[in-house]
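Asks: When I checked TrEMBL for this same protein, it listed these features:
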DOMAIN    10-231  domain 'Orotidine 5'-phosphate decarboxylase'
BINDING   Asp16, Lys38, 65-74, Thr125, Arg186, Gln195, 215-216  substrate binding site
ACT_SITE  Lys67  active site, proton donor
Amino acid sequence: MQDSKTQDPKIIVALDFADEQDAKTLVARLTPEACRLKVGKEMFTLFGPRFVRYLVDAGFDVFLDLKFHDIPNTVAKAVAASAELGVWMVNVHASGGVRMMEAARAALVPYGDKAPLLIGVTVLTSMTGEELHQTGVLRSPAEQVLSLARQARQAGLDGVVCSAQEASLLKAELGPDFKLVTPGIRPAGSEAGDQRRIMTPEQAIAAGSDYLVVGRPITQADDPAAVLDEINRSME
Ligand SMILES: O=C(O)c1cc(=O)[nH]c(=O)n1[C@@H]1O[C@H](COP(=O)(O)O)[C@@H](O)[C@H]1O
């Protein structure tokens, strides 16, 4: 669908499949001009680096979403291993602290302009304020997201994962170049599922999101390519 193609696609399709062939069937209906792809914990645990390389070799920008959260040395090694796979973006939990994020940043220096974008996860989009409080964080989600995003920027990261509900605040506080990757995207009328801090694609773009992660609304649709096309058009 030529009309939906963009040079810098904003939609990242979350490939959360238990069956490799199901994922490949979907990928065969998508193009690198229309979307980027995300491999997360389910598919990486099942199918590993081989599946990631398959997508990279097919010409897609791949976001390896393993949300590393460990001691600085371990996270640095894991981030470097991600770079070896040729992925476009990789993430760590910003709550791992500035020293951990700095170690991750340093591990990518040898890759120069081939290094993936390094992104910090702030407060998961599935969490409400009440659930955040239950973990011992007494701030609102927006305050906690901003605090973690400031630490991510201080450590030299390229941006953060947050909900689109926090995007306008973060753009205003951290400037236009700090990338905002926003899951919890739900086109009007689609099921929220386990997501809580949600926005539509149009709202997310208006709020300042740079990249929108969309999983089930596309992957579980009868015609995933048509839904992607519709979302791309809605953002123009
Ligand atoms: O880092 C992520 O990608 C992520 C962070 C977050 O806060 N919330 C979130 O939903 N995600 C991921 O984004 C995807 C959202 O998928 P759907 O809810 O199916 O659209 C899933 O693969 C999640 O693992």
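In case you wondered, yes, glycine gets a Cβ from its N, Cα and C as well.
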Asks: Over the span of the domain 'Orotidine 5'-phosphate decarboxylase' (10-231), how high is the average pLDDT in this prediction?
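Replies: Per the prediction, mean pLDDT sits at 98 for the domain 'Orotidine 5'-phosphate decarboxylase' (10-231).
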Asks: Taking the Cα atoms as reference points, how far is Gly215 (substrate binding site) from the residue listed as 'active site, proton donor' in Å?
Replies: 17
Asks: What's the CA-CA gap between Lys67 (active site, proton donor) and Thr125 (substrate binding site) in angstrom, rounded?
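Replies: Computed Cα spacing between Lys67 (active site, proton donor) and Thr125 (substrate binding site) is 14 Å.
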Asks: Listed binding-site residues are Asp16, His69, Thr125; which sit with C-beta under 6 angstroms of ligand 1?
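Replies: If the test is a Cβ under 6 Å from any atom of ligand 1, the answer is Asp16, Thr125.
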Asks: Compile a sequence-ordered list of residues in the same chain as Leu66 (substrate binding site), six or more apart from it, whose Cβ lies below 8 A from its Cβ; state 'none' when nothing qualifies.
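Replies: Sequence-distant Cβ neighbours: Gly40, Lys41, Phe44, Ala78, Ser82, Val90, Asn91.
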Asks: CB neighbours of Thr125 (substrate binding site) within 10 A?
Replies: 24
Asks: Secondary structure at Pro72 (substrate binding site) (DSSP, helix/strand/coil)?
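Replies: DSSP assigns Pro72 (substrate binding site) to helix.
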Asks: Going by DSSP, is Asp16 (substrate binding site) part of a helix, a strand, or coil?
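Replies: Going by the DSSP assignment, Asp16 (substrate binding site) belongs to neither helix nor strand, so it counts as coil.
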